[in-house]
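Enquirer: Sharing a structure here in structure tokens format.
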Amino acid sequence: MRKIGERFDKEPKSMARAFIGSTPTNPFPFSQSSSTLFHKSSRLSSAGAMPDHRDPLLPPPQPHPSLEIVDGARGSFLPALKTLLRPYTAFPVVGWNRHVETIFAAFFRSVPDVRLRRECLRTKDDGSVALDWVSGDDRSLSPDSPLLILLPGLTGGSDDSYVRHMILRAKRKGWRVVVFNSRGCGHSPVTTPQFYSASFLGDMHEVVAHVGARYPKANLYAVGWSLGANILVRYLGQESDKCPLSGAVSLCNPFNLVIADEDFRKGFNNVYDKALSSALCKIFKKHALLFEDIGGDFNIPLAANAKTVREFDEGLTRVSFGFKSVDDYYFNSSSSDSIKDVCRPLLCIQAANDPIAPNRGIPRKDIKENPNCLLIVTPQGGHLGWVAGDEAPIGAPWTDTVVIDFLEHLEREASSSSSSSSNTGSIVHHMEV
């Protein structure tokens, strides 16, 4: 694999992508003073919690009933997630409607300033993906620092607000972070007549292998949002017990793409459908010359002028990846069927009112039967919203604290296990000598 390092500056992004979690230029930015006013709302703080001096004979505290918990892991992870002990309280006004919350988070959530360093990774089929690393982490972090791979949603990239907040939070905890921008996303170059899809795991395999080879002493983790979560869970299932990741988090995962497609074409969801298809068409037209005279079953005019995501997938995606129809593509690319094969710790967080990742598509039965999985469903949150918690309304989403607490717990367990193995080896060696 060939790679080229380069620094880069981000371009402004179209308003169309905003509804799906990307962060457009804010036409009405909140000032610091208005943010302060918002924070005068009464909220319990997750910081500075008192030490736990409970009687060890008493049962552990349970998650607040406002949250739905499906715990296949049988309590293995829950004690580390202190945020779950408090009620999920959506921010006033913003959280009253799932569409309001989704759009508010997309347009008005702050975008932390994080300096990134881009690496373009050439894949085995001569395609390209862009890996955005936090600038300066090689100087400030040790080679064995935990490494977090971030997978944004459809058409998303490293400049999206929810991605930036996760970068910042992980960075402050001493984690090395890299954002995996799929082909054509986040201004990633497209060098072959093929984008990415919910079904394609080739790039994910190569990215994980690449970062793992660069930092062989580090434990690898991943967080995915929306379509990125679908790809991540499918990767975990495919790799199963051979997966090189030590743990993962899935957020706003559509899980069942057939159900998601059905709901996507109903009512107000048409707004998201048009916004996403517009973003896809924009990426396609930027690289349209690669598809000139491509022939076969491709319907290039349909893809170039798609008014819905389904039309784009019919004209381009399903043909590129060998599916006989769009429905065949959606059915065989759903991550709901992969849960049963996941052999690494996996936290799934969903919002019950998510307009894009339907509540009825969550594979609760398979999650409950898998000892590696934990599902948290919040009563509100919209899609990539979760405007709640200490930093609401324009700071990090409620989920970020839960995600980092989960990952930190896994890293402590991994480090403890590694230390124990090392000590055992030393004792055995001493006895043999």
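Every residue, even glycine, has its Cβ placed from backbone N, Cα and C.
Annotation source TrEMBL lists compositional bias 'Basic and acidic residues' at 1-14. Taken from TrEMBL, the feature region 'Disordered' applies to 1-63. The feature compositional bias 'Polar residues' is assigned by TrEMBL to 22-45. If you look up TrEMBL, you'll see 146-384 marked as domain 'AB hydrolase-1'. The active site, charge relay system annotation in TrEMBL covers S226, D354, H383.
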Enquirer: Whole-number answer please: how many Å between the C-alpha atoms of S226 (active site, charge relay system) and H383 (active site, charge relay system)?
Expert: 8
Enquirer: Which residues, sitting 6 or more apart from D354 (active site, charge relay system) on the same chain, put a CB under 8 Å from its CB?
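Expert: The answer is R98, C252, G381, G382, H383.
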Enquirer: How many neighbouring Cβ atoms, not counting its own, are there within 10 Å of the Cβ of H383 (active site, charge relay system)?
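Expert: Looking across every protein chain shown, the total is 29.
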